[in-house]
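Chemist: I have a structure I would like to understand better, so I am pasting it below and will then ask my questions one at a time.
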């Protein structure tokens, strides 16, 4: 009681304070509602309609008013209500148009048109309820009432309220009264204002251009409908006016002295009271025609308003049109000009499957061109697919050219894969594959890898089943990308350095792998004479790796028998088999069984000339395979019997009787036995001493590092180059991960005891981060200098190097006006090194960024004679012997110019590329595109280059010289003899001769003759020579 009394007698200041606290609590309630619905339930607000929720759930503590507002704005119920109001508004306007179609009708007849009247009243009640509901839910009701669309709603249903309040009898008397007839007509014409409610549809249109076009069209339609109804009322005639007055001219009707017919005499008398001379009863669509003609400034003059108010309204209409329509048109033009064609969404997902490409950094035009050329090649099964490029930045001019070149199969969308709405625009839920690419030549590789990992996670979060193939720069980040959900990861640095490193021991490896991944048209070989080396090279270039499902008819064969059968029948070479653990090089005695699939027994990755081999393999009948197996068994038994007969013949030969051993010879003395035991002791002791000193040296280095007097990194930099150095590898440039280059360089000498020296030369110093990537610093040297300096080249003994690797500069921040100049440093370096090497031809491996620059590297294998040139002092003079301009493609170039068929990759027939001296990064882009139809192609390539860790024999690709027993034999016989040694021969490298330069020949014809200078490409357990 006391508290109640004290509260009731509170001073005015306390009351104002309580009101302030009440408003504050109200504001806090709104903020709490916003925080609950926006922060804690972001998913519910962001996409409530997509989940099929009609009414939102009411939060605890949320008022009915707040819940009503949130339901109207964010639920399916609110959207349905908006759509219903738009539809009912159009019906309301349609009823008015149908009633006044033939002429103005201020009031409907309650006896004959009662149904239309009831429908109008029902619509008016619905509009009134909708208005009251929105006014109730609005947090600021005063602002809501004075808003434009709220006033439209208010004006549209007010006539209905007036009609209900006055009644039909009063309105009928007003309609007959000439002074009040216009008022009743205005009550009807205000119903047309309801058409403005159709603007609500704009908030459901996502495209800005479509939204502005719709707004412009709605503006014109609203002006036409509203002004047609207004002019029809202003020019209408009273019921007392004769119809004949409308056909007279206004001047004639109002002039008493004018001659007129007897039936028109009443018009002048009634004009003073009912304005019969300045009125006309035209239909609604007649006035629509007049409004359209007027606002389009045509003005035919066949229809015109007669009354003063009608003409005034026409003038206002024209002025209003000249203001409103240009405003909307200017907005539309501004929207279209500012709107990029790359902000649309992908809409062809119902008819075409598509893949999505994105990049964390800049989209490289060269990489994109290589990818799309391979992806959309006519000989690829996916030539009719679609590609969507999703990137946050607008395309550059070079990228635009590429996109326009492949339209409409390629669509560029500006957006981020980190944004869920942009992923929906790219239709991530319907995509069949995703690619995350990086800029291979960026100087910020760590940022590229981070972006690739995040983009992979974003794709995987939006689609849990889609295959995602990502690129990373450093091999250390492959695991992070795999954990983010990548189906396959292509490491740029590991693959590139692995190819150039293995190219020192496997000559031509870069060209061989490009042959296996690039797709070219089968008819390219006819661009050159059939006997030329280009034709033979292109016949091998046609072959590539394909994925083939082997039918069950092959079950029971061993892997070696399968290889022999496929090579002997259609010259297809199986390379790897797909198992539960991935792609593997199977042993030859592995017996092919059956799989869970009732139609196939296994999946192979084969080397073939076209995808049609899959159909040809499936067509082999079981009888032919059984016959082959029986023939093979007979040959095995024949060979076994022949070997047994040879052994028996050798046993028949009488050998000289051995002398009987004496007692001294039979029983070895301890004096003779002791040396055999102790001969190895000095070596063992020496090895132990060396290991002890090495351990001591490492311990001493560790102690020095602990006291900050020295460190392994500083000791490595202080390590001088040997005075005598030969047979070493020189690397021009400093890659990000030295481990990825050193490991393949020393992969072929693991079994030997010698360590091949590797010298890195770079114009900038080696950082400690580079040093930490060295697996073993023994035999590794670093020299800071310029490859363009003859002194620095002599210091690293460039003339006695076994191989020279020139890497493209990826750390340079230089920007070129012409991007084709990006390889200028590498080309210049090659020229200096060739001049410095003298007469010794180096084994050069050069990395180029642009494939178009390969033509500038032809002087590696050929050089024009020095005609008319001033001779030097002899220090840099060099002759290439017979390797000269005769390797130029004289016939081939003319054939290419005169033929309608063009080579897919114009640089492939350059001698420097055909011999494997040049590595182009486009091979990685081809590998990425092949992942769509061949999901395990990256594993197959890694298997060929590095082998499998689970394989005890470490089967991989290697190279050997042709044995003397195979010289002059056909390739088919060579293939079979290698297969008996559990080796698969996939091609050879023809070294330079007087008629042709060195070139790679992949899967040559079985009738090709093997020459002594050829080098064989074999897949299996590596060996130095073939034990034939």
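Placed from the backbone N, Cα and C atoms, the Cβ positions cover glycine too.
Curation plays no part in TrEMBL annotations; they are all automatic predictions.
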Chemist: Any idea which of 592-613, 614-635, 636-657, 658-679 is down as region 'Disordered' in TrEMBL?
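Modeler: Checked against TrEMBL: region 'Disordered' maps to 658-679.
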Chemist: Scan 119-137, 138-156, 157-175 against TrEMBL and say which stretch is down as transmembrane segment.
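Modeler: Comparing 119-137, 138-156, 157-175 with TrEMBL, transmembrane segment matches 119-137.
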Chemist: Quick check on the annotations: TrEMBL lists transmembrane segment for one of 40-59, 60-79, 80-99. Which range is it?
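Modeler: Residues 80-99 are the ones TrEMBL records as transmembrane segment.
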Chemist: With TrEMBL as the source, which of 15-36, 191-212, 213-234 is set down as transmembrane segment?
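Modeler: It is 213-234 that TrEMBL annotates as transmembrane segment.
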Chemist: Out of 240-257, 258-275, 312-329, let me know the one TrEMBL marks transmembrane segment.
Modeler: 312-329
Chemist: Express the predicted model's confidence over the domain 'RCK N-terminal' (359-469) as a mean pLDDT, rounded to an integer.
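Modeler: Averaged over the domain 'RCK N-terminal' (359-469), the predicted model reaches a pLDDT of 88.
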Chemist: State the residues, same chain only, that lie 6 or more residues beyond the ends of the transmembrane segment (80-99) and have a CB under 8 A from a CB inside it; answer 'none' if no residue qualifies.
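Modeler: Residues 54, 72, 105, 108, 113, 116, 119-120, 123, 126-127, 130, 156, 188-189, 191-192, 194-195, 197-198, 200-201, 204, 225, 229, 284.
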